[in-house]
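Database features (TrEMBL):
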ACT_SITE  B:Lys83  active site, charge relay system
ACT_SITE  B:Ser158  active site, charge relay system
ACT_SITE  B:Ser182  active site, acyl-ester intermediate
DOMAIN    B:28-471  domain 'Amidase'
Amino acid sequence: MTTASTHSEPELVEFDDVVARFDPVLGIEVHVELSTNTKMFCGCPTEFGAEPNTQVCPVCLGMPGALPVVNRAAVESAMRIGLALNCEIAPWGRFARKNYFYPDMPKNFQTSQYDEPIAHDGFLDLTLDDGEVVRIGIERAHMEEDTGKSLHVGGADGRIHGADHSLLDYNRAGVPLIEIVTKMIPDTGARAPEVARAYVTALRDLIKSLGVSDVRMDQGSMRADVNLSLSPSGSGQLGTRTETKNVNSLRSVERAVRHEMSRQAGVLDAGGEIVQETRHFDEATGHTRAGRRKETSEDYRYFPEPDLVPIAPSAEWVEELRGTLPELPWERRKRIQTEWGISDEEIRDLVNAGALDLVEATVAAGASSQEARSWWVAYLAQQANTRSVELADLAITPEQVARVIALVADGELTNKLARQVVDGVLDGEGSPDEVVAARGLKVVSDEGELIAAVDAALAEQPDVVEKIRGGKVAAAGAIVGAVMKATRGQADAKRVKELVVERSSL
Amino acid sequence: MSASDLTRLTAAELASRIHAREVSAVEAAQAHLDRIGAVDSRVHAFLHVGTESALASAQRVDAALADGAEPVSPLAGVPLALKDVFTTTDMPTTCGSRILEDWQPPYDATVTERLRAAGITILGKTNMDEFAMGSSTEHSAYGVTRNPWDTARVPGGSGGGSAAALAAHEAPLAIGTDTGGSIRQPAAFTGTVGVKPTYGGVSRYGLVACASSLDQAGPCARTVLDAALLHEVIGGHDPRDSTSIDQPVPDVVAAARQGANGDLSGLKVGVVRELGGEGYQPGVRAAHDASLRRLEKLGAELVEVSCPHFEYGMAAYYLILPSEVSSNLARFDAMRYGLRAAEGRSAEEVMANTREQGFGPEVKRRIMLGTYALSSGYYDAYYGQAQKVRTLISRDFAAAFSQVDVLVSPTTPTVPFPIGEKVDDPLAMYLNDLATIPTNLAGVAGMSVPSGLAEGLPVGLQVMAPALGEAVMYRVGAAFEAARDADEGGPLIARVPEVTA
């Protein structure tokens, strides 16, 4: 059988052309590292970023004689994820061993639920940007343990082949993982990349709302593998799929699907066949590349894990956990939209800006939703951008933002002064009230002081006074500017303007 | 009392003298260390003798007793030989394998911890077939252990070291593990007592796994009471072993004492039709017939029962065990501990070379068998079918135990065989465990008690009881032992010849 090699890049087909002639079929597997305090089968901590090999014990190092014990908190997290995804919870299920040799896997088998998942047959409804709702079928969510990490030194691309030596860190070995697998997602056509991204986004938000994982794709606590195949339009024949791994951001999910569609179409157009293989997404090029080909297919020799007893959650336990499910992200959005009276587009902007939680907290601290939204998506978003941090990582709390808004509402600050106060807070000068006091930022509300300043400005620009008297009220702007400058911006500009008109007419 | 007399005492007798401060724990330890020094070059029961740690442990017991404290356990101060398959922080743990040569574990097994907490003096680690795979201790990477009854013969296996240490009076107590007979067959071959508790009765944490669903740690001793005393020390729930049973240990000491009164009237003893006929040596059968008559004389009612699926036990066992072995032993890859082959340009090559050099032929055979049995396309035909047989064997036991209190059979089909006779004939070797394997497959309890001699060599009686039915098993074992000793004018072990170097 001769095929177009997957190693030489085929001609990429234009995306529009791909969807005109092919139907993509998606399948997405997402691994989520649970943020339990301890690992899946031992008491070691799971914290990210510790010194290599400091969070290990005989169990997660696979020492001879050590035995696993299932982490109850991980089982609860898995069940809550399953329930939130509208899955059935299996009343009985065993772990299995997936056997293969790799240095970063201490026992040379991975303990995984494999074919007896704790949750199965659910769905997740996505709302796309134009409001269309797509239902993604969930095949299963199962528990397993993570592997350690290998660092290959001296080779190309950090790969094991060609490396001089490898360093192994087992801190991650045994961290609880939930693998969530969709059913086949057909009929998405040109929207396949968008649907893939929307699914991973929705899943991330859902899991975050459950509080069971920090779902940081950049730190690997959430990882997506994208399966994709193409079939000739309308043929209904399933094509051969590839599995693209290492897709580590939401944007990459979309790009990987888009690229893989163009690449597969290119292979098929050239008369080749798609090879069922694992591919890796390259962030830099936006392309997928074939993993090393194995001469023989993997045989993982699965069998039930004899060191563990089956997981058999009682109906009461399942119901108890169902009762702990928080307001789910989409329900919350609907509620907030109604409460604040904002459009679909406005709420989506808030979500996309990562501002929803912050605005909600600011409102909870007493601000109006209108003002709170305006601060977070405008001035603060701009500050975050300037300072190259995430909005949520700005050095200001929603409560402080609410305080600034209150000071403006009370007439204590102008909007311009308020921005200076916020700058002070962001620069670490203290709370809004401390910044106000320290910088002496206060609206000049002494009428006599203002009148004196206006009169002084008018006296300096008699020509302008003439214009105002002649009915050119717009000319007052120059005088207002001068007064604001003289009061270092601490005057209420609206009142100044009134005074300018009043005093110039005397 | 002379040092050699101390090594002849039972554990219970020795304990009572230590606790009465007639003998110190250090003297008891030293007497056994001396005995090991005198005979172990011939027997080779031990792979490692921890002289200093043993004496230090004994000193702590003596110091506490001198302070007027109660003994921390009924066996405080009594020496013990520990099979080299349990992790120990103060001694190497090799499992009889080159791949773990000199490996010093960073943690103690639960069994080790419980022995230490009970003030038991751990003398050292005993020889075994590599990773507990074998029935003769010839598959140890560190040389064969000899049977004190006839040093040209094997002591059985895999726990030949523990059993031989008892028979050679190098220790009054030992710990073994039993996956298909590795406690009971060596007990039968050495004229000692060996107990395989109910699966889950003793923690497997720190017991280097052979086959997880079959392995069970248990007590070895020269008397049923001593085994019961040790059983109570090591038994009971352990949260670190998920398969450990969360129930109290059956009151085996009381049962053993009750049994020693010698009355079994009202008890029904099932004689398993499928265990004991064809394939069993005439001498073994004769000893077994005598044992049955003795049980009857004690008042037990003998009932012949049939366990029709036992004949498939051996086949099922040699699919399930290698399958689990192939996975359990995958961790020995030179990456974190143990032997590392010098040669190899990649991690994969180092792994392969290490495993090639570090494992012996029997271990390799079983890894290959298991790898094959679990392979895609063969799983259902092999592993899947074997699990079904396992269920059928469990049902046979359930049916039998609905009619009788215990089951009995010869422990082994033969008497101890000459060293070298079966080492190159795996199938002949595997047949040693014909009668012991069914209990492991079903997870029920079993024990071997000395029943007599055939051709001058020891024969064992196997007593089997339902899960957590150890009390009745110990009662029957103790009654049988008392009657045999009374009839024969003393314990069988008293007739073991003196080992000469």
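Positions of Cβ are set from backbone N, Cα and C atoms, glycine also.
Spacing of B:Ser158 (active site, charge relay system) relative to B:Lys83 (active site, charge relay system) is 10 Å (Cα to Cα, whole number). Counting Cβ atoms from all protein chains shown, B:Ser182 (active site, acyl-ester intermediate) has 37 others lying within 10 Å of its own Cβ. The predicted model assigns the domain 'Amidase' (B:28-471) a mean pLDDT of 97. If you take the Cα of B:Lys83 (active site, charge relay system) and the Cα of the residue listed as 'active site, acyl-ester intermediate', they are about 11 angstrom apart, rounded to a whole number. Secondary structure from DSSP puts the residue listed as 'active site, acyl-ester intermediate' in coil. Within 10 Å of the C-beta atom of B:Ser158 (active site, charge relay system) sit 34 other C-beta atoms, taking all shown protein chains into account.
For B:Lys83 (active site, charge relay system), the number of other Cβ atoms no farther than 10 Å from its own Cβ, over all displayed protein chains, is 32.
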